[in-house]
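Notes to accompany the following structure.
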C-alpha cells in the first residue's frame, strides 16, 4: 500500500493488509489477559531455571536453588509408602504364612498386595485370574504339580521351575518318541494306557501291552498307579486335569516330545514379604490347596 | 475501567479511537454490562416479624455452632460425637443413626424430603425459607447487627459513607470488618467440627497440628461468609441464587405473601394530622417500608422477584399505622386473590387446600413415610455377594465343579457378633473359606462392633447331570440380631468342556 496503513472506517482499527473475498483483517491487539498470561509464563520459566534443575552442562547439570531431585523424591515416596502401610506392612514381614491367612486384616492386606503383584508379574503366563492355559498351570483349581500348601507355593515362587536358580524346582519329561527311547507302537500303546488311567475307555489289548512299559519307563516319576509325585513335579495322570491336553493326540504328543515349562525364580526380584503375600493370594484364591 | 470488550457499534469508539495509551480503542463505558450496586441501608425495625426473625436467627445459628459439640455415647468402637461426618472411616453419625457409604440413598431421600417440604411451604406461605431460614439471610442479618454496632442505624451509616475519611470513620470501618472477620472465622471454624471429633480438633487447631484440609476448609468458609454476607448481601439473592426463580413456579394467587393491600392503601399521599381519611387510601407515603427492606425494594410496586417475604416492611408499616391512627395490616401476609376479591367488593376466602398443596403434602408424607420405614426396619447386619466372574467356575481334579464368591459382611451395630453363613439351592454343595472356621456345612465369621469383612467363599458341588449350567442359589447369614439373604447362582459348564483347553 502507499505508506500509511489503511484504517477500518467502522472500528477505527488499522488493517493488516490481508484481504480475503473482500473481508479485511483488522490489526487488533492481542487481548490484554492473554498477554499477561504470556508474560507470566516467561517470568515463571526464568524462575524455574533458577530454582529447579534445568540446564545440561559438560560435567553435569544445573541443580537449581531448591535442590530438587526426582531420585530423592522417589526415595521419599517409597519411605512414605512404607509408613502408610504401617502395621500391616510390618506384620507381613514377621508373621508366618499361616498367621497371615488366619488374621482377617492381615489376610485382606496380603490379598491386595498379592493381587497387584500377580497382575504385574504372573498374569502373562497364568492369566489375569490365574486360570492358566495349555502348558501353563491353572492356579485356581486343586491340582498342584509341586504341592499346594502355603510353604510349597512360597518355595515354587522363590526358586522357580527350571529357572537356573541353584535351588530350582526341576523335573523332566523325556521325549520318549523323538529321542528314540521307545518305538512308535509303544508310544501308541502308552497313549491308550494313560487314557485308561484317567477312567476313560481305551483299547484293552494296547493297555495290556503298555503295562510293563509304563512300569519300567513312567512309574519312577508318575508312580506305579500313575498318581504322580509332587516331589518330582510329576503330574497325576488319573485325574481330570491335563496340562498339555486331555485328548489322545495331546497325550501322544506329550509322550513323544516331552514338553516342560519354565517359571522364573522370583526370589531375585521380590522381597520375602511380597512373596509371602503372593503365596497367600494364590493359596486363598485356589481355595486353600493341600 | 478500561478495555472491556471491543464492541462494534459502541458510540465511544467512533469518537475516541486509540486514546494514546494503547493501540486498543478504550472500549465500553463504565457500567456498560452491569448495573452498579446501589448501597442499601436497612433501618432497624421492631415488631412481631422482626422478633420471629431474631428467634429463628438465634435458633439456627445456635444449632449450627453448637451441634458438633453434642456428645453421644457409641461405645469404644466409634467417636462419641452426636453429629459427625467421618470421612476417614466412611461413616455418618447422626444421634441414634449410623450410616454406611452403601446407604447414601438416605441422603438422597433427605434431599427429596427437604425439596418437597420447601415446595409445600412456598406454595402455602411464599418464600418463608428465604426470609427467615436461609443461611444467606441469617448471616447477613447478623452482619448488619455488627454494622449497626459500629456505624449506627440507617441515617448514621449513610452520613458516614458520604463523609470524607477521618479517624472516626476509619476506626468504625475497621472495627466493623474485624467483627465480620471474627464471625466469618467462627463460621468456617464450626463447619470443620462436623468432620472430626470436635474437642480433639479444637486442640489441634490451636497448636497447629490439625490437617491441612481443616485449615483450608476453615479459610474458604471464612472467605465466603465474609464476602457473601458482608459485601454481596442481597445481590446473592437477586443474581446468584437460583431459588427465587424456581420458587416463583410454586406460587399462585392463593399463596400467602407479604402484600401491600392496594385496595386499602391507594390513592396514597401525605396526610396532615386532623384531616379526614375520606376519599384517600391509608398509605401516607412515609416510605418506611422501603427503608427497612434488606432487599432495597418497594413492596407497594407489588409482589416482585427480589422480595424474600421477611415481613420487616409489615412491622414498619404497622408502626406507622398505629401512629396515624389507622388499623394495622396495610402491608400484611395476604394473597393476590384476597386483594382482588376486596377490590371487587367480595369477601376474600383463603384456600389452603388446593390441588398444588395437596399434591406436595401427599408426596411429602409418602416419601417421609418410606424414609422412616427404611430407617426403622434397617438391619444391623448386611450381606453382599459378588460372584467370581473370571473364572466363572473351576473343574476340580475329581470332576466336581467349584464356584467362588466374595462375601461382604457388615456389622452395623455397637456389639460384636458371630455370623453363620450357609448356602442352599445346589445338591451336595460344600462350603469352604480360607481363614474362617467351618461348622458342619456352614461357616462362622466373627465381626467386631462396627466391623466389616470381605471373605472369599468357595462352593463345591458334583457336576450336574442335566443340561442346566446355571442353578439359582442362596447365601444366608444368621446372627442373634437377625438374618440376611442374598440370591446368587451356581455356574457349571458342559461335561468335558474346559478340560480340553487345559
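Just so it is clear, glycine is given a Cβ too, placed from its N, Cα and C backbone atoms.
Curation does not apply to TrEMBL; its annotations are automatic.
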According to TrEMBL, A:218, A:221, A:222 bind heme c 2, and the residue from A:52, A:65, A:173 that belongs to that same site is A:173
From candidates A:181, A:263, TrEMBL puts in the same heme c 1 site as A:122, A:125, A:126 the residue A:263
Here TrEMBL annotates transmembrane segment, and of A:14-32, A:33-51 the range meant is A:33-51
Binding-site residues A:126, A:173, A:222, A:263 with CB under 8 A of any chain B CB, in sequence order, are none
Other same-chain positions with a Cβ less than 8 Å from the transmembrane segment (A:33-51) and lying at least 6 residues past its termini are 62, 64-66, 68
Nearest by Cα to residue A:263 (heme c 1 binding site), of the binding-site residues A:173, A:218, A:222, is A:173
CA pair residue A:221 (heme c 2 binding site) / residue A:126 (heme c 1 binding site), Å rounded to integer, equals 25
Cβ contacts within 10 Å for residue A:125 (heme c 1 binding site), all chains included, total 15
Taken over the domain 'Cytochrome c' (A:205-286), the predicted model's pLDDT averages 92
One residue among the binding-site residues A:122, A:173 has the fewest other C-beta atoms within 10 A of its C-beta, namely A:173
Minimal Cβ count within 10 Å, across the binding-site residues A:218, A:221, A:263, points to A:221
Looking only at the binding-site residues A:173, A:218, A:222, residue A:122 (heme c 1 binding site) has its closest CA neighbour at A:173
Largest C-alpha distance in Å for the heme c 1 site residues A:122, A:125, A:126, A:263, as a whole number, is 10
